[in-house]
Amino acid sequence: MLKLIWVFIIPSWSVFFDSNFCLDSECECLTEKTECCNTKTIEDFNHAKVYELLNRIILSNYFRFYKVNLNRECTFWEDQKKCVLKNCKVDNCKKEELPPAFQNNIDEEICSLQSISFQDVVDTGLTEQQLKIINKISSDDRSIDFVDIKDYLEDAEYVDLIKNPERFTGYAGSGSTKVWHSIFQENCLQLKSTIHKTVSEGDVFIDPETCAEFKVISRILSGFRTSVGIHLSSRYPIENKKFETIWGINYDQLFRRFAPENTNSQGSSWISDVYFAYSLVHRALLKFKPLLVNLDIQTGSAEEDKLTKQLLLTFLQNSPGTFNERIVFTDIKTTPELLDAIKVTFQNISRILDCVECEKCRLWGKVQIQGFATALKILFTPTNGLITRNISPVVKLNRMEIISLFNLFSRLSTSLNFLHLWRIHMEQTFTTSTTETSRVDL
């Protein structure tokens, strides 16, 4: 009997960890043009070129302080209760804890892309002072319209992302299911140009075939949710001591969430979507590379700013190749109507996150959704639209968008690293069980 079990374990976990995924029918996997990208190729690239360097970058003052309003009212449903667990709470920054350059209230435009398409409509619900801030950036700026502008202009506070890491908080239950269901449902509903503000219980993962035109967005959202699940399982309270908590990887949690036998064989597909999201965000960074090279990093500490810039340049040098625009979204006709629908989708998802009862979960949800929105905005902007001295900019990125983009990529990179460790753990476990089986047979 043990021999029979051994025979079936190999293909099950081999397929689970080594599945392929496609960005398009002709997938360009990093520098190699292949029909599909093998997850092992992406994992090896991340382990060798990205993970450690990116972790050092986001530790810097420039990338660790994120401005957000976590106290906005939930407008989608009533009677939500706040998570009272200590790990749910976010500690906001005091003014004196911020770098000198961040102690004012205006986030400057730092990078620009030229767009040849549609114009913005300014939110008339803003105060006169907020409109002045926006007009200072640009009256037709598209840098903030993929997420709800009030998230970081109205009553927003700085949060130190390093002191408030994404990890297991204990938050779960019907409220969590309702939020995820609503997020996935929003993607489908926008396809029909319908704003639907009610949700019902049911399967959290929506079949991408029900939203064919939004299949890219569906995979992004699936990769986002899966990455969150990986973080919650891999930064888990292993041991609670008197004055500290020991955090580590809970392999049982990972197995429960993603193993084929626990997910109706969908776990490998969900994990494949993490690699898809990682590759898509990497492409956005690659496309924005010419402007990131000239990013002006000033936090008030010249020595640290110089080191951060050096780390950033090394990171960009490690990103191979050049961006090939036709690889992404070739199946989607990027009409103004479709782009507006995608914009509204992410705006509403940002608002749905206001209904998350766990404050720390809400924080990291907003960071990563803004990161995905920023990546999509970069990818939807024509490659030949990079700003030059003689062209007036239309699409810009401000510091919060850059911070969210890099922290999102760091979350995805860390998820791939955890999957790498899980792969090793499973191989070691399998080797041990095989050895024990052989001894029994002897």
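Cβ atoms are placed via backbone N, Cα and C, with glycine included.
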Among Cys211, Cys361, which cysteine does TrEMBL link to Cys358 through a disulfide?
Cys361
Mind telling me which of the binding-site residues Thr169, Ser222 has the densest Cβ neighbourhood, counting other Cβ atoms within 10 Å?
Ser222
Nearest by CA distance to Cys361 (active site): which of the binding-site residues is it, out of Arg167, Trp180, Ser222, Arg257?
Arg167
Among the recorded positions listed here, Cys88, Cys358, whose Cβ has the fewest other Cβ atoms inside 10 Å?
Cys88
Candidates Arg167, Trp180, Ser222, Arg257 (binding-site residues) with Cα within 10 Å of Cys358 (active site, nucleophile)
none
